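S.K.: Starting off with a structure, shown below.
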């Protein structure tokens, strides 16, 4: 901290406050500006592209200063928060007119990336998530809150960093807090993690915050229901919110345990590989999200994060989709929904004290749509719709109140008044009347003064510094009445006041102040009245979100030709004419669909061969995406789908170097493969694309074969694409394995991809033809054809290599007996891929 005593009283005050928030930008209120000083000023100037100036001296150097206008601060703060930084708002709480020295100031709120409610700070379609991780005895206890939802969720405890990473990254949090320094050091989330002081994770403090945040009955129920570690992590969130809000987070209305294990699990790598919910235009989420409200878009994202395996829930969703498709009800529903605003976040802003007058207008216009929506839903007689409709609350008394109280186009804030309608409050109308009638008084007063002085150029005016005045040109100085009191001298004129005008000024200014105070009182009373409907509005918001998602699914089903899937418990996966939605949307010609048939009774492993660009990866991805869509309750892109009991989707598709961790492409591939091998079960869907490409041919082939064998033994539903044709021989060893391939046709030295899956193994890989399509020059292609011909004849070396080559055939090496003996000791039916890799390395060393 700077040496305080060497500074002015104002800077001394600033430094004392700043010392409490060393890692946060401090917005220090000075009149109509928020000012920043020292390093904060330098950082803000760069972040916000504002001017860096100076104020006073510190150790002989100018003190850096930057500032933003108070009325425009929200936009600047939003820029900072969206960069993952936090801001402390320091307001003037004392009265400047009575203060001796600097006016009293204190931090009234801390704005962090996950604790914002204002519209400017938020992505309307995404939840703003704060995650807390409490590490104890190598266990991770997790809780999170979506700030404007008003709920805290507990997640089941995890015991390893892989599961922790998948849980946290699936949530896509804006902010992570923890008691664990090791999580910061490991950096497993690739995003900042904030380590809080120990007291945030004190069980004693946790109980205190729970008791302070909820009524006694609910608080005691929570204290009795959850274990010590769960209460501690709940308390850490409440403590953090209390510190940022500078008040108890009363908007938190519930604590939920997300213990439902009946979900389709997909790790973060598989999510990325399948492009489920990333930000790309071709992501499945982007294709499926045509919701009319931000409420619906956020709920759809929650469905994407936790697809349910509860067939009853899925059946209810399917029934609603079918009902919405009948008579095109979804169109009428979506039309109404398009007029409904984000009432969930608006009511949260009311509870948090950050609501704006225009929010109340938006809330009112949304509530006015509910009678039409409820009436339309009553025509659809399904149990799920009836249940949802019962939780849409038609709050007529509130809409009447808001219609009567708030002007149609209110100002941005209540600060300067003009929000409450004329006729709502008699006292306010009378105070405003004094102000509004001032024009008539001033007009009469000016006319009277002109007559009295005989000066027709006399003017009566007003400014904020000097108040009301009578202005006369200096040439009339000899005609100024004796009762005029000089107030201000200008270059060519003089300004005066009279006792009568001064009395009027006092009356008007007093009326303005009283009117503003009265209006603020009415506004606060109105907000308290709105807050009485908090639970009803939150329930209504949740119900509207469900209706929006299901209407969206109905629209997508018709627009994208999706059909209702079936589910079975027999371990069968039967899909006919499946399509890949993203590719289908981005090609001009018709998409070529494909069938898939796997079953625990027949085949669980497909070895897929065929040329690059032939359709192997698309085929595998479309199967995984189709199953995912089925489990979120959507219809699917296939003419028929009967889906077995699948609890997890694993994918190993593509790879690149992980430079930050010092891992090669091959190491990344093997790490992901090991994770799948160690976790896959009979209820898993496994997608493996080109395993073993990142090492030598023999190593890669050996690993790919070992992995395929392992999946055959596990019995997981596996789609295994490869260019190693040797793997097609596995059908002779494992009866639950079958071959399919993607055809290509040659005509006049050109290749044409059929994109159709056919039974059996491919005969060729067509690599040179694909290289031709890619633009490889003719001389290189001719050389490649020659090399290929030599290799196919069984030659050990290419003609272009003249120098002697080491021959690695086992029967010609001195180590022949040792290698043979070692190979004979290996049980290839029980060895793991990693063990196989180690043995290969061991054998290679003996040949060097």
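Backbone N, Cα and C define each Cβ position, glycine as well.
Below are the features I grabbed from Swiss-Prot:
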BINDING   610, 611, 612, 613, 614, 615, 616, 617  ATP binding site
S.K.: From the centroid of the CB atoms of 610, 611, 612, 613, 614, 615, 616, 617, the recorded ATP site, which same-chain residues not already listed sit within 8 A by their CB, in sequence order?
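M.R.: Other same-chain residues near the ATP site: 742, 753.
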S.K.: Which of 610, 611, 614, 615 (the binding-site residues) has the most other Cβ atoms within 10 Å?
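M.R.: The largest 10 Å Cβ neighbour count belongs to 610.
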S.K.: Could you tally the C-beta atoms, other than its own, that fall within 10 angstroms of the C-beta of residue 613 (ATP binding site)?
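M.R.: Within a 10 Å radius of the Cβ of residue 613 (ATP binding site) lie 18 other Cβ atoms.
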S.K.: Taking 10 A as the limit, how many CB atoms besides its own sit near the CB of residue 612 (ATP binding site)?
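M.R.: Looking across every protein chain shown, the total is 19.
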S.K.: Among all chains shown, work out which of the binding-site residues 616, 617 has the most CB atoms within 10 A of its CB.
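M.R.: Ranked by Cβ atoms within 10 Å, first place goes to 616.
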S.K.: Let me know the DSSP-derived helix, strand or coil state of residue 615 (ATP binding site), please.
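M.R.: Its secondary structure by DSSP: coil.
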